[in-house]
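For reference, the structure is listed below as structure tokens.
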Amino acid sequence: MANQLGVLNALDAAKTQWYHFTAIVIAGMGFFTDAYDLFSISLITKLLGRIYYFKADSPKPGTLPPNVAAAVNGVAFCGTLAGQLFFGWLGDKLGRKRVYGLTLMLMVICSIASGLSFGKSPQGVMATLCFFRFWLGFGIGGDYPLSATIMSEYANKKTRGAFIAAVFAMQGFGILTGGIVALIVSAAFDHAYTAHPYQRDPEHSTVPQADYIWRIILMFGAFPALLTYYWRMKMPETARYTALVARNAKQAAADMSKVLQVDLNAEQEKVDKIGREQFGLFSKEFAKRHGLHLLGTTSTWFLLDIAFYSSNLFQKDIFSAIGWLPKPETMTATYEVYRVAKAQTIIALCGTVPGYWFTVAFIEHLGRFTIQMMGFFFMSVFMFAIAIPYQHWKTHNTGFLIMYSLTFFFANFGPNATTFIVPAEIFPARLRSTCHGISAAAGKAGAIVGSFGFLYAAQSTHKDKVDKGYPTGVGVKHALLALGAVNCLGMLFTLLVPETMGRSLEDITGENEEDNGYQQRFSVEKVPV
């Protein structure tokens, strides 16, 4: 019989209570800021090009040079990758709670600092922006393993997947809010300051005040996260870390007694018996028990993020390619921000946000494996359906919008959610945050490949149609075909990921196993309220 600690069994068996929803909001607001900050950059890159790389004799508005565009889009991902590895490891060494507030404050400070980027030259402004976005990404990286681990260790076993998915679903609201804020700010500036389309008056198509637009958009993401800092600091350490890693049964019981409003026995003797033979991350025992699991979580997250982030970050380029956005020279700078934000907000409303909440609703009925496999399959189908008859969609914008939205819907009602959930469930408590950080870092490596690769690959095959400074690419059609193939690989590697639905974390990881057959004994008494 499994040798489960009373405090952990109480958490597994607990009915859904107010503290569950509090934990979702506290952890979720970090993800709101994560998504807002990572994806809002795609709303303003065209504006940055117009402001800082304007040339009066050019027939087209200024654009960011290839190396600058790659740096601005990708530097936050580099920071995120480093943060996931560092804070994931730190979360297992120092505890989830002690590191949790640090990541949030780093995000808040660097969000505001990004909007205050300064310099005497365009290169100076871009360098400052990239510096702060790297450290913003570093803080965001820490939020991935810590939020997932905290939510998985607080949740009961029947609804654990749904609760972790709900935390991750705040990412959808972050993307949506980014679009809405950009719409409001650009519309306000467009109304307040008169400008002319670029082809009519290049010099006055970008008003000087437009420099405030991108700064306001970037800084806004800090405020929702700042509001949750106090409650994040008030959360007790998770019982699983306190009992299984810090080996302090008394503190674990005391913390969870307050949270669950029950009396729990400390059971220090049982804590001392559990997991006496502990293996490390680089041991043969870990490779034997969890090596394939780690390969499954890292590879699927890597492949998913190649497709997901390249599609998300370069929506504006795809919209322009199919004619959904007017040509840049026919618009003012502020109106271009408005049109890009409008297009991305529609996609978020139609596909991105609903997909996250479908996962929340169905993950405890369909299971992680089924949702991930199904998501990769339909992402492949819709990527191919867009790419193969690509010329057709240039004259059928409504059909394209439906197909493109469905791609995002099945990314989020699929591997984008499950790759975040599963690593928080299948590894031992002492390595859970580290392994989630490694898996997430592999995902961000995929995002870097997607964001840098797609930037160049999606360029036209004709020299006269490529963006200034870029070499010819394979075109959007072939880039989308490649992303469809990446999703097919994701289906293959999903076979390495185990199903965890309805099981306790200790049963999944084997932390309950005892050689002496020590039997479970605990009592839970309701505290009169």
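Cβ coordinates come from backbone N, Cα and C, glycine included.
A quick note: this is a predicted structure, and the numbers were derived from the prediction, not measured.
Quick look at what TrEMBL annotates:
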DOMAIN    23-502  domain 'Major facilitator superfamily (MFS) profile'
TRANSMEM  21-48  transmembrane segment
TRANSMEM  68-87  transmembrane segment
TRANSMEM  99-118  transmembrane segment
TRANSMEM  162-189  transmembrane segment
TRANSMEM  212-231  transmembrane segment
TRANSMEM  343-363  transmembrane segment
TRANSMEM  375-393  transmembrane segment
TRANSMEM  399-422  transmembrane segment
TRANSMEM  434-458  transmembrane segment
TRANSMEM  478-497  transmembrane segment
Other parts of the chain folded back onto the transmembrane segment (434-458), taken as Cβ under 8 Å at six or more residues beyond its ends:
66, 69-70, 73-74, 77-78, 80-81, 84-89, 91-92, 141, 144-145, 148-149, 281, 290, 294, 297-299, 301-311, 313-314, 317-318, 321, 419-420, 423-424, 427, 470-471, 473-476, 478-479, 482-483
With pairs closer than 6 in sequence left out, are the transmembrane segment (375-393) and the transmembrane segment (478-497) joined by 3 or more CB pairs under 8 Å?
yes
Cβ-Cβ under 8 Å with the transmembrane segment (343-363): same-chain residues at least 6 beyond its ends:
42-43, 161-162, 165-166, 168-169, 171-173, 175-176, 178-180, 183, 315-316, 319, 324-325, 371, 401-402, 404-414, 416-418, 421, 501
Okay, the transmembrane segment (399-422) and the transmembrane segment (212-231): do they have at least three CB pairs under 8 Å, pairs separated by 6 or more?
no
